[in-house]
Amino acid sequence: MPETIRSLRLGVAGPVGTGKSSLIATICRALADDLRIGVITNDIYTDEDARFLRSAGVLDPERIRAVETGACPHTAIRDDITANLLAVEDLERDFAPLDLVLVESGGDNLTATFSPALIDAQLFVLDVAGGGDVARKGGPGIARADLLIVNKTDLAPYVGVDVPQMVADAVEARDGAPVLALSRTDAASVAELRTWLLDMLAHHRAGTHVPQDPGPMAPHFHADEDGGYVHSHDHDQDHEHTHAGTPATA
Ligand SMILES: Nc1nc2c(ncn2[C@@H]2O[C@H](COP(=O)(O)OP(=O)(O)OP(=O)(O)O)[C@@H](O)[C@H]2O)c(=O)[nH]1
């Protein structure tokens, strides 16, 4: 790799427990012999995901670093990306040259997405255990992430989900953009993921991949001791933090 081309920065987002950390471990196992990889995890209050990945033994533990985001995990990957950007740049400098830096978002709701100022491409992870109809619900990550993963397909018989139907619904929600049915126990699906990643890396290096913004997450509610507030990340419109009862400005 020419030293002037920096790593491909790949975001991994998706609802809580859909398998983001496990997916990163799978990617590291599948590509550790081919690529120089680093990982940044985001947790609200802990470094639990980083510790899980270090204990999985898939990468030199020093190449796995944690960002603790405080409340509102999507803010740290979309609105104020400073902590993540510094963590990525530090990792790239300390282990130069890296080919791939994976950034795991904190487990969040269906609509959290990465800013294209932080990452070059993003995966959005759903799992069959969340229900076969989740893909139809749409949202920016489902509709416009670079790759949508329908994870834990090995569990489909136990939760009564028709995987081909779920994938077809997802492809329709994405206007034909790629969807991958994945299980860490299904070698063929892991091989497909590996091919997609190497292809994306090749496009990044050739300068033919343009980072896309899937769009802001929908306005949503945060509970707090005053009753909570509605929070919007759409900076094209007014940025509102409206407290229940008393309207407030950002
Ligand atoms: N059966 C099965 N279980 C899986 C698979 N991938 C992940 N899991 C399990 O799903 C659970 C959640 O996985 P994680 O990787 O911790 O999920 P996560 O999205 O990182 O979770 P948060 O960081 O809390 O949002 C764990 O018990 C994993 O072992 C899979 O392919 N098949």
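Glycine residues also receive a Cβ, built from the backbone N, Cα and C atoms like all the rest.
Because TrEMBL annotations are produced automatically, they should be read as predictions rather than curated entries.
As the structure is a computational prediction, the values presented were derived from the model and not from experiment.
The following features are taken from TrEMBL:
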- Gly14, Pro15, Val16, Gly17, Thr18, Gly19, Lys20, Ser21: GTP binding site (BINDING)
- 231-243: compositional bias 'Basic and acidic residues' (COMPBIAS)
- 11-180: domain 'CobW/HypB/UreG nucleotide-binding' (DOMAIN)
- 225-250: region 'Disordered' (REGION)
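Just so you know, of the binding-site residues Gly14, Pro15, Gly17, Gly19, the Cβ with the fewest other Cβ atoms around it within 10 Å is the one at Gly17. Sequence-ordered, the extra residues of this chain that approach the GTP site, with Cβ no more than 8 Å from the Cβ center of Gly14, Pro15, Val16, Gly17, Thr18, Gly19, Lys20, Ser21, are Gly107, Val125, Asp127, Asn151. Counting only residues at least six positions away in the same chain, the Cβ atoms of Gly107, Val125, Leu126, Asp127, Gly130, Asn151, Lys152 sit under 8 Å from the Cβ of Thr18 (GTP binding site).
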